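The next block holds one structure in the form of structure tokens; read it before the comments.
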Amino acid sequence: METVVSGIRPTGNLHLGNYFGAIRSFLDMQHRYNCFFFIADWHSLTTHPHPDNIVRNVRTILAEYLACGIDPEKATIYVQSDVREVLELYLYLNMNAYLGELERTTSFKEKARKQPNNVNAGLLTYPTLMAADILIHRAVKVPVGKDQEQNMEMARKFARRFNTIYEVDFFPEPESFSPGATALKVPGLDGSGKMGKSEGNAIYLADDAKTISKKVMKAVTDAGPEVPNSVKPEPVENLFSMLRIVSSDEVYRHFDDLYNNCSIRYGDLKKQLAADIVAFTTPIRERILEIQADEAFLDRVVREGAERARESAARTLAEVRHIIGFR
């Protein structure tokens, strides 16, 4: 069975974009692959989160993953910092990484531009740590978005370079994995782009009905169509895209027909969209609250996930040490 690895930084609650863009695919993948899903708390240290927030954010993501249906009996769910072997492999890969290639990565240049007063070594070597996360389990597939494709190419480069330096065929070159039709891009509520964690742009799986309704009713629209069958402007198309995802085909066609004959009332569209989002998220939200209240269950998932992840990582690291010459 092929091994798949995917990580998420614990920087905020999961939203509809996370669910339809990734998690829904994970629910299928956990039955077909040897899956390792981890919460990347080490990666979050580049932005220096408050110590009190680290554990809380990890527990939040863990509870939300479980509430969505990721099964710890079928997939290994673990916290990155519980697998110390990753740091040792990170060290070895850094010894074979070159300053110039790390400085040229788009992700580093973009983050350095956004936070010029915090251009730390963790940002620079982000691709190396990401490669260690993947290669520690000798994964062959990694579900990532286009924004991570360059880092995936770096991971393949580091795997290939290790094999070349030590004249072995040990690390596979991991492939970027597209989940296919199950992955959907969910637009944000601010009129453009995909849904993200910025304030006002996202609907979180843990949001209650009142919060969801308030966010949807504030979504950007225009004055309405004046010409039948006209092209929808991006903010309006975004609302229809969300409607297509969470509503029935009948509901979508109803509002599409109203738009095309210039009789649509955006208030009615937003009310329907909010109601359908609430209907979808309410069972997940209730499950999140239930899981968060069960500290013993969360502790057990973390402990057992760490044990399974470390067992896999230790096997890889033992061979890596032998190949390098630590015997």
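Backbone N, Cα and C define each Cβ position, glycine as well.
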The residue range that Swiss-Prot labels motif ''HIGH' region', out of 10-18, 226-234, 280-288, is 10-18
Between the ranges 144-148, 194-198, 304-308, Swiss-Prot assigns motif ''KMSKS' region' to 194-198
Under a three-state DSSP reduction, the secondary structure at MET195 (ATP binding site) is coil
Across the motif ''HIGH' region' (10-18), DSSP yields 3 helix, 1 strand, 5 coil
Quick tally, other C-beta within 10 angstroms, VAL186, MET195; top of the binding-site residues is MET195
The sparsest Cβ environment within 10 Å, among the binding-site residues ARG9, LYS197, is found at LYS197
For ARG9 (ATP binding site), the three-state DSSP class is coil
Cα-Cα, ARG9 (ATP binding site) versus ASP133 (L-tryptophan binding site), nearest Å, comes out at 13
